[in-house]
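What follows is a short report on a single structure.
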Amino acid sequence: MKKILVLHTGGTISMHEDADGDVETGAENPLVQAKVTFPNIELEVENIFNLPSEHIGPSHMLQLQKRISEAKNDFDGVVITHGTDTLEETAFFLDSTLKVSFPIVITGAMRSSNELGSDGLYNYQSALRVAADDTSKNRGVIVVMNDEIHAARFVTKTHTTNVATFASPLSGTMGLLTKRQIIYFYDLPQREVLSDVDINKNIPVLKAYAGMDGQLLKLLADANIDGIIIEALGAGNLSREAARGVEYLLAKNTPVVIVSRSFNGVAAPVYDYLGGGVQLEKSGAIFASSINGPKARLKLLIGLSNNLSKEHLETYLHGI
Ligand SMILES: NC(=O)C[C@H](N)C(=O)O
């Protein structure tokens, strides 16, 4: 018998459609009444929040982290249900801050509980199966949706409405569920887990574009932010004006982290001219190779919260 802790947080998976076809949160989470019985799984269910995932932030993620840490000796796994809009951020936060061997599985839905073709209950059942499976241990946080298993580190929401929205463009799908089997295709590289988080740090994410000037970067530097993530062009390049803005930030000792605004691939210094990645790195910007802007924001938040030295912060952010 496997004992699984279920933490419902809200999102479309626990919402319903009203008479006008609009999706809303109800007083009751329909998943709590749902019949999900597996002969070998015992559930303990907690409605930790009932929020759309746009209302979830690092303080809620920290609450989840604490609840899961407390649970590690009493349960064989955890399933979290969550809205899909920020699901990858909660998954990444927990993956980066929790060192536990039992499976932590996050799932959600793209269609609410009473819509035709609703995927919530199916994904919930799949998540429970994955969490109760021994092959899911020691894999960090896992996202299960639409018969696929993804690693929190690589997964991202790729479509606004399609049920096949979650994908791992860089690494590929980590595993699959069939009717009878759970199959993993690869193991993940080691990651550094750091548990302290100061949720009050101010770290904006900015997307680069053709013709970007440095004005906003300078304003942010003067506003004494704790760090900034720039979703740069291509492999990690900026306009000349934006590069000067980066220099201004760095002169004020504000950490600048470069990721790519491209949907796929690794950000790395390649071009040696003003605004090119090589010069950005030489001037002190840090490349976070394999993650998107919102995940890099959480990683910088965690790195700064643990008071990492400059060198350590660099290797931490570089790491896959
Ligand atoms: N499909 C969803 O769950 C989207 C919803 N807006 C949420 O993130 O809460």
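Even glycines carry a Cβ here, placed using N, Cα and C.
What TrEMBL records for this protein:
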{"type": "DOMAIN", "residues": "3-187", "note": "domain 'L-asparaginase N-terminal'"}
{"type": "ACT_SITE", "residues": "Thr12", "note": "active site"}
{"type": "ACT_SITE", "residues": "Thr12", "note": "active site, O-isoaspartyl threonine intermediate"}
{"type": "BINDING", "residues": "Ser53, Thr84, Asp85", "note": "substrate binding site"}
{"type": "ACT_SITE", "residues": "Thr84", "note": "active site"}
{"type": "DOMAIN", "residues": "203-316", "note": "domain 'Asparaginase/glutaminase C-terminal'"}
Compute the centroid of the Cβ atoms of Ser53, Thr84, Asp85, then list the same-chain residues not in that set whose Cβ lies within 8 Å of it, in sequence order, for the substrate site.
Gly11, Thr12, Pro52, Glu54, His82, Gly83, Thr86, Leu87, Gly108, Lys157
Pop the mean pLDDT for the domain 'Asparaginase/glutaminase C-terminal' (203-316) in here, whole number is fine.
97
Which value in Å gives the longest Cα to Cα span across the substrate site residues Ser53, Thr84, Asp85 as recorded?
7
By the 10 Å Cβ-neighbour count, the most surrounded of the binding-site residues Thr84, Asp85 is Thr84
